[in-house]
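Contents: one structure, followed by commentary.
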């Protein structure tokens, strides 16, 4: 029996012997292809070669490609074949061999290398592919009755925009016992009898965004054999999950949870889902993906959270997925060395995300359980969309998870109302942004101006001044002939040296100067591609449409901005060196006085890491690296290794910014000519801006001197306040902290003493409600912790009874209630009691039957509310 590892090796060696270069798997994150989230097939990394956009180094290639597909996440574990992560064995020809070679090779491999019985093999071809039929029938010798012609839905391969073509599939007949029993059952039937193990795609066409097909200049071959699927056939098991590829991970998980595979259906399902999802997450994170709320980050988060949920089915309540990930790494690291290299990072990301979700799960699950119980008690058949949205919006509880848990309890979720609530939230967000967005009418005007005037010519990379003509003049969104001093205007020039805000870099400031007129420009942007709008104020004279002016950029401001932009590139590279290759730019702001850089990372950057990042940037600055800026083709830039932003749309020609051998990125911003011009680099803030996202803020050049001067002044002020010389600040501060700690301990001891005294005093105020001891009082407790402590002391002394204490803190009311366990059977519930009393002081709250707390905002009504406690208790006693 061949193992998964042996099948992988046998396949690659077979094609290596036939002139193919073995290449390592490409990343799961597609390189410079924003049209897809994941590498979902073996040919994805080779699309440019099939389309002619790039020239391959090798004409024949074979790979075992890591793949992720997520359309059917819910089916994972419930069927024999569905996976989110899988390995695709493939061989490729870029304008070299075609059908005449791959078809005989495929037959040779499966019948001689894998020793599959010929009588169990069937072939499908595209209905119009007579060429493939002839090769299978005449050259290979497959009887015509075992070659099945099928339509485009099954035998024409395409994944949206890109290379495509007819395909031929090889099927294995697994026997009548696996079939549907129909006498008409044959290849193409939806049952499990005929299993497709290899797809041979004949790349002949390119499909565009409109769905049109055009012949490719270079025909090619793309084949795909699912490793997990063929392993199930060769190992004689009914499910991919029963192959050695999965069983090793599933057995590890079962042992971890104290469970056994093959005994209970729900346990088996959980083990399968966890194994699948953990494989996907482990590989994705090793390739640079991080959990998040959008795009591939959302996919990773969803898979992790589903796996955690299924861990609870196994009885696991603590973080465990990182341990399963260790098993995945151990099993797969020989074939994929990057797993071992990134192991520490992968395990840390998974554990951090799992711990965060367990906190979310604890809070959300309790509320969802209550909602489910309420729905069942009222005879409802679903959880309301509003409740599902509240769980999502308040606790981060995913809709999919709410649906799964509700479904287990026989309930649905009103997704329509949930979606409506989501859309309403989006509308509110859009409304909040309207003040900074252009009105739709103005957008129409800009588009018309672009069509009428053509493109604004930008010369600002090489010049800071330009003789220009005013092509259009706008005031308040309307075209005007002229404007006078004091008026705010928008101006379109035929040529401009002004950089328009884009790519995170702020716009230039400038002066437009003409005979007897001057306009101050404080904003430049491109509301429509190709049209540059200059916004500013007329300082003197009268400006008219068609006037000739000289546009003069504020050179010091431009230089300061360029200094920070170049430093941003150095920072990006330094972050990757210190934190790892998973770091990617997620946003930036480049201004004259500072820079802000958002990036993907799973944890706060430590002080030591920040120091090292600063050192690396300043070393690059002091190295006086030459900064080269040049234009080239996108394909050439990729070959050179220039970094690009995922999701950014690039044209065929791109602008590359290269800083010695240290950094190379695609960038349209303005830059220095040497890194030495950065002067100095200093990070002044690092913080979180979302799950898996961090932000660094920094200054450069004279900004560093200003920053250090401000810090020095702060230290001088602190020294003055605590009456200490500068050189003794640390020692004096430590002494003050210790003194403060001692005083706090003394205060706490006094508070406890006072609390005990007050507790003793109010014990004489016990009343009875239907023979139940009730103690209710207003006390002097500075905060909720002290109030709870007093309630605990009273409960210990009373032994049996109901206690409710209230205190004020400024304009707030604090309430704590307790009910001893012997009274729970009489209908008394601390949460219900405190909730009722809290209403009387304008607040709310609740909690457990034995202890609960609440707050209010009407301290003047506290005594009145306390006086009602006995009455409320009487009403609750059964």
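One-based numbering along the chain as shown.
Glycine is no exception: its Cβ is also placed from the backbone N, Cα and C atoms.
For 565, 569, 667, 671, the entry in Swiss-Prot reads Zn(2+) binding site. Secondary structure at residue 667 (Zn(2+) binding site), taken from DSSP and collapsed to helix, strand or coil, is coil. Neighbour list (residue 667 (Zn(2+) binding site), Cβ cut-off 8 Å, at least 6 residues apart, same chain): 503, 565, 569, 655, 656, 657.
The Cβ neighbour count for residue 565 (Zn(2+) binding site), using a 10 Å radius over every protein chain in view, is 25. The candidate set comprises the binding-site residues 569, 671. Of these, 569 has the most other Cβ atoms within 10 Å. Cβ atoms within 8 Å of the centroid of the Cβ atoms of 565, 569, 667, 671 (the Zn(2+) site) belong to the same-chain residues 562, 566, 568, 627, 657, 665, 669, 670, site residues excluded.
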